[in-house]
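Here the structure is laid out as structure tokens; the discussion comes afterwards.
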Amino acid sequence: MQPIIALDFPNKQHALDFISRFDASEPLFVKVGMELYYAEGPQIIRDLQALRPMNIFLDLKLHDIPHTVEMAAYQLGRLGVALTTAHAAGGREMLAAAKRGLLAGAKDAGCLPPRLLAITQLTSTDEAMLHDQLQIQGPVRESVKHLAALAQSAGADGVVASAQETQDIRQVVRPDFLIITPGIRPAGADIGDQKRVVTPAQAKQLGSSGIVVGRPITKADDPIKAYHQIQTEWSTDHD
Ligand SMILES: O=c1ccn([C@@H]2O[C@H](COP(=O)(O)O)[C@@H](O)[C@H]2O)c(=O)[nH]1
């Protein structure tokens, strides 16, 4: 899987201009998050699909009562995206409702259903925050592992976590369960608000299924070069 580029832009024009800088033949996997989706609505997905072939991860992190999530997921299931997210903290019934909604929406729209990823603990969360603010005791990796097992039992296709927890998650999920990892920073890069970070090479070594990278690419002086460096590091076997 190519590194997934987080299109964290304020509007459609920024996003389309950014994508247009890549060679049209280059396979791309992009992530649309809350900023761009809330600015442009579902039309942004159709605009990206019309621009060129690419895989799309729609990362809206659903978290509400099960019925509301099921109806929202139904709408997302109609869009023909590859991946989407809901918070594992919403619980088993909510995740199962998200999955049902995605399947129903995709069926009615005649497209493939997005795979559902459960957000475990955000990569901007560290142990101090988990203990002091969220009142969850124990190491972050234990909470992530617990939420990954819960997500699998609810029918999710994978999780979002830091690559720091990949090996713990693998102990409790089936081999094809996706572990998609943001919080990726090339050596020496500014970590910003991220806390549980790894390099692309470390993510590969630790066994991530896919990596998500935003600012290290989108804010780079030469985003195309930055993307290719990350892609090379991610796709090289470092054993
Ligand atoms: O735990 C999570 C879940 C989602 N994200 C998203 O990934 C990108 C990361 O962007 P960077 O600029 O590389 O930090 C962003 O869209 C987040 O919403 C995450 O970082 N952590």
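Placement of Cβ uses the backbone N, Cα and C atoms for every residue, glycine included.
Listed in TrEMBL for this protein:
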type     : residues                                  : note
ACT_SITE : D59                                       : active site, for OMPdecase activity
ACT_SITE : K61                                       : active site, for OMPdecase activity
ACT_SITE : K61                                       : active site, proton donor
ACT_SITE : D64                                       : active site, for OMPdecase activity
BINDING  : D8, K31, 59-68, T123, R185, Q194, 214-215 : substrate binding site
DOMAIN   : 2-230                                     : domain 'Orotidine 5'-phosphate decarboxylase'
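Features as recorded by TrEMBL, highlighted on the structure.
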residue	record	Cβ neighbours (10 Å)
D8	substrate binding site	18
D59	active site, for OMPdecase activity	25
L60	substrate binding site	16
K61	active site, for OMPdecase activity	16
H63	substrate binding site	17
D64	active site, for OMPdecase activity	16
P66	substrate binding site	18
T123	substrate binding site	26
G214	substrate binding site	19
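Cα spacing between D64 (active site, for OMPdecase activity) and T123 (substrate binding site): 21 Å, rounded to the nearest whole number. Ligand 1 lies within reach of none of the recorded positions K61, H63, D64, P66, judged by a C-beta closer than 6 angstroms to any of its atoms. Mean model confidence for the domain 'Orotidine 5'-phosphate decarboxylase' (2-230) is a pLDDT of 98.
For the pair formed by D8 (substrate binding site) and D59 (active site, for OMPdecase activity), distance between Cα atoms is given as 11 Å, rounded to the nearest Å. Look at P66 (substrate binding site): DSSP puts it in a helix. In the three-state DSSP assignment, the secondary structure recorded for D59 (active site, for OMPdecase activity) is strand.
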